[in-house]
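Chemist: Just dropping this structure here.
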C-alpha cells in the first residue's frame, strides 16, 4: 500500500447499508482503492487527496507520486520480483543480514558474486554453441534453452608455490568447481528427448563445468531487482550506520540468523541513548546557555569575594584567620567547578570553531562541484552531435578495438586496386563484351595459373573478349587515321642496333625477335579471334597489340613484358610456345596488361552504348518512382477521408438506428481496396530500387568512411551480369593514402589520428593496404565498433544496416561454395590415382565456362 508521509494510510470505513432500506441509494466507488462512499462530498475530498503528488511507493521508495501512480508502480515492481531466482534468496538474505553497507554497494556486491551462479529449476540460455568446427568453415551461433535440474559443487586441491630458491614453500589450496546438469528445451519450452540405441526415449541432459557457458534472462536478475528485493525483505533503523535486518517471517523461512552481533548491538544502544538524551533535554526544558554562564560567573564572584575577605582579615590582624573544615571544602569544590566549567566552555568553543571550519570546507567543495557540473553541462550543450569523428571521445559501451580483418590476399597489396577494378569492369560490362559472371576468388586464382596444360579458359576468354572489342572498334573506324607504325621499346632498340663487339649469331637472333614483333603488329587487328579451336593464336594478337599501342605511360614495364613474351629465340616458335611465355609472366605484369586493355576498351563504342542504355533506364525508373509517390499520396489522402467518414457514420448511428449499414460496408470495402493498392505500390517501389541498382553506374562508390578515413566497399549480386548467387561476398576495406590524410588533417589532427589509431586498430605498415571481412559475426562486431556520434560513421553505419541482409547472405553463400569445393578436393585427393594436372583441372576457376562467348 502507498505511503503518505512515510506512513500507510488506513482506508475509509466501509458504509453499512441495509438492502431493505437503502436498496436504491446511490453510492460512489474509487476503483484503484476499492473504497465506497455514500456522501458525494466525501468521495470528492478523497479523490482530491489521492491526486496529490505526495504519495510514496512502498516497494521502491519513489516519492512525488499520486496514489494511483504509486499503486501501479508497486504492482509493476512486485511482478518483476516474482521472476527473481528463488534459489538465490536464502544466500542473498544471509549476505544482507546485519550488513552496514549502502544499498547500491550491497547490490553491486551481490550481483558480482551470484551473476554466474544458478539454482535448480532456473531457466538458462546456453552460450557459445557453434555449428562446424573446421577452419575456414562458416560458423553459426545457436541459442539453446534449458532448465537446471541438478547442481553439484566439488573441491579440488591445487598446489601454489611461493618464494624463490631454497625458501620456496608449497601450499595446498582448494578450488571449488560447480557442475550444472541442464535439461535441454525446444523453442516451445518442452523437454527435448533423444532416442537411445535400444529404441527407448530419454530426456536430453547436458553437463556444464561452471556457469561461463550459461546465462540467465537479464530481466530476472539485475541490480534493480536486487535493490527491490532487499528493500522488500529487510528493515533498517534510522540512526547512522544502522544494519540491514531481514524481516522475521523471511528469516524463519530461509533460516537466517537473527541474533545481533555484539558490536552492532553496542552501536545500537549508544545511538538510542543519544536520542533519548536529546529527547529528554527537549522535553524537560533545561536551563539555557545564558543562565549557565551567569551561574558560573556568580559562583566565581562569590569565591573571589571570599578569598579577598580572607586576605584583608589576615593583613589587618597580622595572623591567618582560622577556617573550619566545611568552609575549606566548599572553597575547594567551588574552584574545581569553576575550572571544569571554564574547560567545558573552551572545549565547546573549540568544537564550534572546528564545525564551522568543516562547514566552510564543505561549502567550498560543493561550490567547486557545482561549477564543474555547470562547465560540463555547458560543454555538452556546445558539443552538437554528430561531429568530427576523431573529436568524439571513446565510448566504453562500444567495442574498444575494430574487429580484426583478413589481409591474406594472394594478389600483392600494390595491385589489389587494379585487381578489383578488373573484376568490377567484367561484372558491369560483361554482357556487352561477351563474358559470363566470374567470382572474385576465381579471378584471383586465374592470375596465378602458370602452366600450359591444362589450359585456363577464364584467362583465355577474358583476354580474347578485350582484344576482340578493340579489334571491332578499329575495324569500324577504318576511315579514321591511326598510327600503324610499330613502336620499338628503347631496351629492344639497343639490342637491335647492337654493340661493336656483338657476335653475328646474336645480331641475327635480335633481328629475328624484331621481325616477330613487327609481323604480329601488322596482322593482329585484321580479324577478331573466333571462339572455335579454343581461341587459338590469341597470344600473338596480344603481343601485336602491346607492341603497337603500348607506351611507358600505359604500361611502365612494357620493355620487360615484350622481351618475355617474344624472346630473341622466338623466330621459329609455335603458338603453344607463345602461350607458355604468357603463362610464366609475373602476376604484376599480367595485371598491368589487363589494366592497359581495359583502359582502351572503356573508350570503345559498345561500352558507351551500354552506359547510355543504363542512363536511359535509370531515367525511366525515376519517372515511374515519381508516379508511384504521387499515387501513394492520393491513397493516403483517401484513407484519411475514409477515416473521417467512418467516424461521422459511427457517431450518427446512435442517433438514428433505422439507417441501413450499406454505407458503412461500402466504406470498409473501399478502405480494403485502397490498402491493397498501397501494399502493391510499396512492393513495386522496392523492385524499382533494385532495378535502379542493376543499372547504377559506376558501381565502385564506397559505402562510406570510418573515423580513420578507411573506405568500405561491398559489391552486391544485383547487376546486369552480377545477377548470380552473390557478388564479392565480403566487405572490402582500404586504408587512406598519405596524400589523402594530408588534405583532410592538420598537424594536430594528424597526431590525434595516430594516437587513436594505435589504440583502436592495427592495420599494417604499408600504405593504401587492403583487407576484408568475410564472416557475418565480424560485421555485427563492426557495427558495435562504429560510433554514431561521428559524422562519417553515422552515415556508414546506416548504409551497412540498410544492406545488412544481402551482405550476410552473400557471405554465407560464398563460404558454402568454398566449403563444397574443398570437400570435393579432399575426396579426389584421397583416391591417390589422379595426377596433379587432373586435380588442378577440378579447381573452381578451371571449371568456369563462358555462356556469352562471341
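Every residue, even glycine, has its Cβ placed from backbone N, Cα and C.
Not my notes, these are from TrEMBL:
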type: COILED; residues: 607-641; note: coiled coil
type: COMPBIAS; residues: 264-273; note: compositional bias 'Basic and acidic residues'
type: COMPBIAS; residues: 325-334; note: compositional bias 'Polar residues'
type: COMPBIAS; residues: 336-384; note: compositional bias 'Basic and acidic residues'
type: DOMAIN; residues: 25-130; note: domain 'WAC'
type: DOMAIN; residues: 413-476; note: domain 'DDT'
type: REGION; residues: 1-21; note: region 'Disordered'
type: REGION; residues: 264-384; note: region 'Disordered'
type: REGION; residues: 650-670; note: region 'Disordered'
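Each of the listed features needs to be described in terms of its position in the shown structure.
Modeler: If one looks beyond the compositional bias 'Basic and acidic residues' (264-273) by at least 6 residues along the same chain, the residues whose Cβ comes under 8 Å of a Cβ in the stretch are 98, 100, 237, 239-243.
Proximity of distant same-chain residues to the region 'Disordered' (1-21), defined by a Cβ-Cβ separation under 8 Å and at least 6 residues beyond the stretch ends, is recorded for 27, 33-38, 42, 46, 54-58, 65, 67, 70-71, 74.
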Chemist: Please spell out the DSSP helix, strand and coil residue counts for the compositional bias 'Basic and acidic residues' (264-273).
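Modeler: Helix, strand, coil within the compositional bias 'Basic and acidic residues' (264-273): 10 helix, 0 strand, 0 coil.
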Chemist: What counts of helix, strand and coil residues does DSSP assign across the domain 'DDT' (413-476)?
Modeler: 48 helix, 0 strand, 16 coil
Chemist: For the domain 'DDT' (413-476), what's the model's average pLDDT?
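Modeler: When the pLDDT values over the domain 'DDT' (413-476) are averaged, the result is 90.
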